[in-house]
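Chemist: Dropping the structure in here first, questions after.
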């Protein structure tokens, strides 16, 4: 069963007898072929999807491999004990959503590269790339609704759709305020920045956990949302740090691209607060591509102790995570073994 679609229901009724009746029972994504065309042309839908989703397919191929999100969902399932097909369904939804969001993010950030290759909008154009990303947002919603219907009926499907909508709203609020800060050249406070990370980066992992826990069976009493949220925050703070410091990151995205994109990241905000007259604000407002200017900005952040402060914050989030994991596992160390191995690989060496 699929989400009822008023427009398709209307077309179906008009195509059959030219009248309008109540909308119900629409179970197909495929458009109704009417007005002299027969249903044998349904294959055109698949052909069109292949064309209009080329930017999405490009990123799915570019980013292929067992992602951290896939591994993490299985680590969480050690606490929940849910069927494998359910976990795979949720994981696919999160992966598709993540890749779709990257299509939009790279446009909004004006990024030229993604993992050392041209960003999708540089290859396919802004219009098609944006449409592909938005389309996948809705196909993911359809997929999780279908997964819920197959597993637990309308109640589970509706709960999953509600959670998805709720978290997508938060994700867009987080992305939106980050863009506003960037475009208005209005740096937020550190607390405002961390809240944005909770909405944006942490929200995607929290969505995955909440969808997993919609299953009617398993140990759904485990409170894993707080762990997922902090992992997301750690990811972004780590990204803030390595964007400025890691050579391998530079090869994939370009040197200190956060500076060129005009973003405000944690080390930048810490430095601006510590030394408002250091000249960093003026450099950041230029959104420079010039390597010398970017190196000067990084040198200022080093002088204000902001890169050390970033590492210290990463350490604090790490300690917080360790406490939360221990709280959820109790004495069952085997339950959290996979998650703890995952986290050890994620953490920056002290």
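Residue numbers in this text run from 1 along the chain shown.
Note: Cβ is positioned from N, Cα and C throughout, glycine not excepted.
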Chemist: Which of 92, 263 does Swiss-Prot put in the same dimethylallyl diphosphate site as 114, 200, 201, 236, 243?
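Modeler: Answer per Swiss-Prot: 263.
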Chemist: How many Å lie between the Cα of residue 236 (dimethylallyl diphosphate binding site) and the Cα of residue 98 (isopentenyl diphosphate binding site)?
Modeler: 14
Chemist: Can you give me the Cα-Cα distance between residue 98 (isopentenyl diphosphate binding site) and residue 137 (site 'Important for determining product chain length') in Å, rounded to a whole number?
Modeler: 9
Chemist: Using a 10 Å radius around each Cβ and all protein chains in view, which of these binding-site residues has the most neighbours: 69, 98, 115?
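Modeler: Answer returned by the neighbour count: 98.
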Chemist: About how far apart, in whole Å, are the alpha carbons (Cα) of residue 201 (dimethylallyl diphosphate binding site) and residue 69 (isopentenyl diphosphate binding site)?
Modeler: 12
Chemist: Using a 10 Å radius around its CB, how many other CB atoms surround residue 201 (dimethylallyl diphosphate binding site)?
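Modeler: Around residue 201 (dimethylallyl diphosphate binding site), other Cβ atoms within 10 Å: 22.
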Chemist: State the three-class DSSP label for residue 114 (dimethylallyl diphosphate binding site), counting H, G and I as helix, E and B as strand, and everything else as coil.
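Modeler: Where residue 114 (dimethylallyl diphosphate binding site) sits, the three-state DSSP reduction gives strand.
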Chemist: Provide, as an integer number of angstrom, the distance between the C-alpha atoms of residue 109 (Mg(2+) 1 binding site) and residue 137 (site 'Important for determining product chain length').
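Modeler: On Cα coordinates alone, these residues lie 19 Å apart.
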